[in-house]
Amino acid sequence: MKGNEDVIEKRPLLEDENCKQQHNEQIKKTGFPRWLTLSLGIIVVFLHFVSYLLNLYVMNQYSYKAYYEKTFPNSSLKSSGNTSACEQNTNTTEYKQQIVIQKLTSEWGIYCTLASNIPGIIFTINIGSLSDAYGRKLFFVAPLIGTVLKNGLCCVGIYYGLNIELFIIFYGIEGCTGNWISTMLMVYCYIADLTEPGKPRSLIYGILEGIIGIAAFISSTFSGYLIKWTGGFFYPEVTSVGFVLLGLMIAVFVLPESLPPSKRRDKVSFLENMGRATECYRPNFSPHGKRWMFINLLFIFILSGFANLGRIQVETLYELNSPFCWDSVRIGWYGALKIGMLSIGGMIMIKTFHFCVNDEYIALTGFATSVISAIVFGLSTTDTMIYIAAVLNFGNTVTMPIVRSIMSRMSPAHKIGSVFAGIAAIEFICNMASSLLANAVYDATVDIYKGFTFFVMAGYAVIGIVLCW
């Protein structure tokens, strides 16, 4: 990857000046100052991500409760918004019931992931390339509409106590319009339209990840208290609808277009448009980066996704059960601590490392924190060890935005949407596959050693370190 930096440094100074002039012209055409235009795009994805994570935390705990009541209606253990159905004595019938419910909830999570991500991959592959031809604004709207529908239907399902398997259909509806990953794709394109390649763009991407971390901090903390204060799951889910609705209103009525008609690509057929998402891995795509660089970056991105994206759901199952038996508030506070460390640590890492090293070393360090954190979490037998794992997790999200930044600086400006579409499709696949594997490993090993799935995640990150090096 070091050769990549050498290639970039050899660009003519005149080319860089022309690039800056082009960006200034684009900024003038948005009708807003650049900082405000960037802020609006980031606010939209912030609201979408708060809604998505609030729904995730609520549904993880609601599904556990629903399966307990459905499978063991006469059990002495009852999960509610205030307490966790948890038995620490491994010799009791209730403990054996917990193992059954963990497996059922894990399998339900697998089906929801498949329903959301399989159609989402096809949608996302197309919107990135289409946004190069039709502009960015239109493709902010569709994923937000899908999440409004899914979260709204979840509200209905919770209120009327519908069969928990029906919720899988709701996730499928969201997948048909993309989800938060599609919105992230658009905001990455949006930032690339308005910033210069290199460290300035990497810094904005780092700030974006920090803002996303703040969104996750709010939703994880807020979810626990909402569940506790309302004594259930309906009103927290209604709140998630409110957040994404606000984001949709901003995208429709306020957000300016960042890609002027003069900078757009030619319109092509549906199949050709899908093919554009993989063109960066073919010969002669760009004068600024070789084919092997893009392929290596792709594998680094995939390994980072597998090491990190599938952790939330299995972490929640791990914490709900013995020996921890956490309630919704404690789960929320743990999520807040973990995500707070990710947000602050990621921004500090990117800014500090830029004084002395290149982006490639930041990606490597991100993998290193993933390895250490996953191993400590997998070994955890006390609350203290889990909190230590959260602190050690401070840099594991920096790798994916850094890979995007490196790819964008190696790509022609009018093809960035296609490049990011391919990366977003891979992120969908990683989100789906990592969740499936994490749940499957947890399902297979929960009655042997519950922390084993976290060791597998650490293994992905170790391979990523080798590729970065």
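Just so it is clear, glycine is given a Cβ too, placed from its N, Cα and C backbone atoms.
Feature annotations, reproduced from TrEMBL:
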- 35-54: transmembrane segment (TRANSMEM)
- 108-127: transmembrane segment (TRANSMEM)
- 139-162: transmembrane segment (TRANSMEM)
- 168-191: transmembrane segment (TRANSMEM)
- 203-227: transmembrane segment (TRANSMEM)
- 233-255: transmembrane segment (TRANSMEM)
- 292-311: transmembrane segment (TRANSMEM)
- 331-349: transmembrane segment (TRANSMEM)
- 419-442: transmembrane segment (TRANSMEM)
- 448-468: transmembrane segment (TRANSMEM)
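Sequence-remote contacts of a segment are chain residues at least 6 beyond its ends whose Cβ falls under 8 Å from one of its Cβ atoms, and for the transmembrane segment (139-162) they are 41, 44, 48, 51-52, 55, 58-59, 62, 123, 127, 130-131, 170-171, 173-180, 182-183, 186-187, 232-234, 237-238, 240-241, 244-245, 247-248, 251-252, 255. In summary, the transmembrane segment (203-227) lies against the transmembrane segment (35-54): three or more C-beta pairs, each 6 or more positions apart in sequence, are under 8 Å. For the transmembrane segment (292-311), same-chain residues at least 6 beyond its ends with a Cβ under 8 Å from one of its own Cβ atoms are 1, 3-4, 280-281, 285, 363, 366-367, 370, 374, 396-397, 399-400, 403-404, 406-407, 410, 423, 426-427, 430-431, 433-439, 454, 457-458, 460-461, 463-464, 467-468. The stretches the transmembrane segment (108-127) and the transmembrane segment (233-255) do not meet in space: the count of Cβ pairs below 8 angstroms, excluding pairs fewer than 6 apart in sequence, stays at fewer than three. For the transmembrane segment (233-255), the partner stretch with the most Cβ pairs below 8 Å, chosen from 35-54, 168-191, 419-442, 448-468, is 35-54. Tertiary neighbourhood of the transmembrane segment (419-442): same-chain residues 102, 106-107, 109-110, 113-114, 116-118, 120-121, 124-129, 131, 181-182, 184-185, 188-189, 192, 276-278, 280-281, 298, 301-302, 305-311, 313-314, 317-318, 400, 403-404, 407-408, 411, 450, 452-453, 456-457, selected by CB-CB distance under 8 Å and a gap of 6+ residues from either end.
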